[in-house]
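In what follows, a single structure is set out as structure tokens and then discussed.
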Amino acid sequence: MVNLLARKGSSATGPLAIIEGDLLTVQLRVVIHLVVGFLLGVVFYDMGNDAGKVLSNASFLFFCVLFIFFGNALPALLTCPLETSVFIREHLNGWYSITSYYFAKLVSDLPLLFICPTLLSVIAYYMTGQLEEIGRFAMFWGMALLTGLLGQSIGLVYGSAFKLQ
């Protein structure tokens, strides 16, 4: 796996160094997920156990999915065109393949793909008064993680399709 993530003749550059070089962006993503988790918790406070508020509960789930998807898609969508010219040049030099670049990018984003949706899920789930069952929370958390991964993947696909002007 190390060979997949490292480029020949390179030291700490490329996708693995992106998370280190963009510390402000990482901090902003974490803070935004915390703030949105609290805001969702305040707006939909303690409505999870009330059967009369099914539409509110569905709205809560919709906003969670929507925010987690776009919160992971937009950073990938915006950074991919910036990295495309460097990637193409290095790919043509034979330093790494498209597959290894994608997996390195995915692995470098994995901490954020786990931390951000987890923070939002824990805060919003308990503030909205959802049923405190480990199975239900695990499904909610799993949905958040998969939605984040899907958002990042779609962001990379669309980001690679557009050229930077």
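Any Cβ shown, glycine's included, is placed from N, Cα and C.
Residues or ranges marked as domain 'ABC-2 type transporter transmembrane' by TrEMBL: 25-162.
Per TrEMBL, transmembrane segment is recorded for 30-48 (among others).
Long-range neighbours of the transmembrane segment (60-78) within the same chain, counting only residues 6 or more positions beyond its ends whose Cβ lies under 8 Å from a Cβ of the stretch, are 25, 29, 32-33, 36, 40, 44, 47-48, 109, 112-113, 116-117, 120-121, 124, 128, 143-144, 147-156, 158-159. Per TrEMBL, the feature transmembrane segment maps to 60-78 (among others).
Here TrEMBL flags 110-128 (among others) as transmembrane segment. Sequence-remote contacts of a segment are chain residues at least 6 beyond its ends whose Cβ falls under 8 Å from one of its Cβ atoms, and for the transmembrane segment (110-128) they are 19, 26, 29-30, 33-34, 36-38, 40-42, 44-48, 57, 60, 64, 67-68, 71-72, 137, 140-141, 144-145, 147-149, 152.
Annotation source TrEMBL lists transmembrane segment at 140-161 (among others).
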DSSP puts the residues of the domain 'ABC-2 type transporter transmembrane' (25-162) at 119 helix, 0 strand, 19 coil
